[in-house]
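Reviewing the structure listed below.
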Amino acid sequence: MAAAGSSQAPISFGFNRSSKKKLLVSDGEKEEEHEKEYLVGAEGKELLSANPAPESKPLVIPLIHKNRWAKPNKDKEEDAAPQTEDEAVLSQAVKELIEESRRAQEDNSETNQTLSIPLLMQNRMPDGYEDREKVDVSLRPDSAEAADYDVVPVQQYGMAMLRGMGWKEGEGIGRTFKQDVKPLEQKLRPKGLGLGADRSALKHLEPQKPRKPLKPGEEPEEESKGLGTGSAVQIQSGAYKDMYGKVEGIDPDNSRAMITLAIGGKVVTVSLFSLRLVNSAEYTKYAKDLSRLSKVHQESKVEPHRDRTPEKEQGRKGGEKRSESSRNADVKLSKSSGNGDSNNREKRHRQRSPEQEKEKKKIRPEPHGWLRRDIRVRFIDKNYKGGKYYNSKMLVEDVLSPTRCVCRTENGCILEDIRQDMLETIIPKEEGEHVMVVLGKYRGMVGKILHRDKQKSRALVQLQGEHDSAETLSYDAICHYTGAQDD
C-alpha cells in the first residue's frame, strides 16, 4: 500500500512572468502640487514666492552613437546557477580583452577617417534577426508608455534632438564656414502683386510734404498705417459717401472691404478704391458728426462761389458809381472825350452781362439716366484701372443714382460707382432676344427684337405689357435685357 501511494505523487507546473517597470508619476510629485506656497511680494503681474522654483534647463536628448541591443536570454542568465571562481576569472578576462579591442578600434577610427564605418552600418541589426522571412523583433526596445511622452513635451522634442547632436542656439552649423542662417518664412502675396514687387516701396516714391515746426501744445500728426483690420477710413463714393467707419475684413480677390459705420454701427461692403485712410484724430472729430451730412453743409461745400457773387456785384456797382462821379466832375472836358467814355462804359457793361448770366447758369440739370438693373452693357472707358476692363461686357447689378451704378463682370468681379458715360448699350445679335427700352416714351418696358436694320441703327421691337405693339426704336434707346420676362 505504501508503494502504491508513493507512485501517485501530485504533479505541479510553475511559470515565471517578468513584468516591465513602467514609468509612473511618483506620489511625491503629486503631493508637491498640493503643498502650501508662501508669497513674499508681487512685482507687476508676477508673484514672488518664498521658495522660488528652479530655473528649467533646456531639454537635451543625447545622440545614440551605438545601439545597445536587448539580450533575449537576460532573464535566463539571471536565473542560472552562480559561476565558480575559475569561470568568473575567465569571463572577466574575456570582457577585458573585448574592451581593449574596442578601444583600439576607436583609436584607429579617429586617426584614419577614410576607414570609418557609416553610422547606419554600425547601428544595423545583428545578422540572423531581421534578415530572414520570419522577422525576429526580440532585440527591439520596448514600446514607449504614456508616461514617456509626458516627460518630453512635443513642442520641445525637435530642439532637444538638435541639442543632443551638438547644436547650440545662436551658433552656426557647418565644418568650415559656420554661419547662423535664419529660416526663410514664406508670406502670402496679395492677388495681383507681381514677383519682386513691394508695396512698402511706394511710400518712398511719393513726394513727402515738408513738416512744419510744432507750436506750443500742438501734438504731431499721427501717420496712417496700411489698410488693414481695425483701420479708420472714410468712404468717398457710393451710397455711404462721406461716412466714416472701421475695417472689419478685406476680400483681396474681389477688392472689397467690410466696414462698420461709425453712425448706426451697420456693416456694409464697399470697394477698396472708394476708401480713404484717416488718422485717429480726424476719426474722433468727424466720425459721428451728423451736421456734415446735412444738405446745407453739402451745398456750402460744393458751391462756395454763391457766397462770393453778391460781394463781387457790390464791388462792381461801387466801381461804376465811382467812375460816374469822376466823369460828372470832368463835364467841362471836350465832348469827344465824354462820348468816348460813355461808349466804353456801355461796352464794359455788355461784356459783364454774359459772364453774370453764365454764373447763374452754372447749375445745370443732370442728364437723363438710362441705367437699369439686369441690362448688359459694354465698358468703354480706357482710363479706368489702366484700361483693364475696356471693351468688356458686364451686367448692371444695382443703380445708385440716375447716372451711377454697380456692375459685375463676366468673371464675377464687382465694380462700384461706375458712371454712365463709361458705358454704352449692347444690342443682341440674334432676333428674338429680349431688350429693355432705356430712353424715350416707352422707357422701362421690355420687348423682343423682331428685325434689325444695321444701316439705320434701329430695330423693330415687340413690346410687352399694356401696349403690346411693335415699335421701331433706335439702338441708343434699347439695351440687352437679362432679367425676368413676362411670357
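Just so it is clear, glycine is given a Cβ too, placed from its N, Cα and C backbone atoms.
Checked against Swiss-Prot, the range among 30-58, 59-87, 88-116 recorded as coiled coil is 88-116. With DSSP states grouped into helix (H, G, I), strand (E, B) and coil, the domain 'KOW 1' (226-253) comes out at 0 helix, 12 strand, 16 coil. The residues of the compositional bias 'Basic and acidic residues' (96-106), classed with DSSP into helix (H, G, I), strand (E, B) and coil, number 11 helix, 0 strand, 0 coil.
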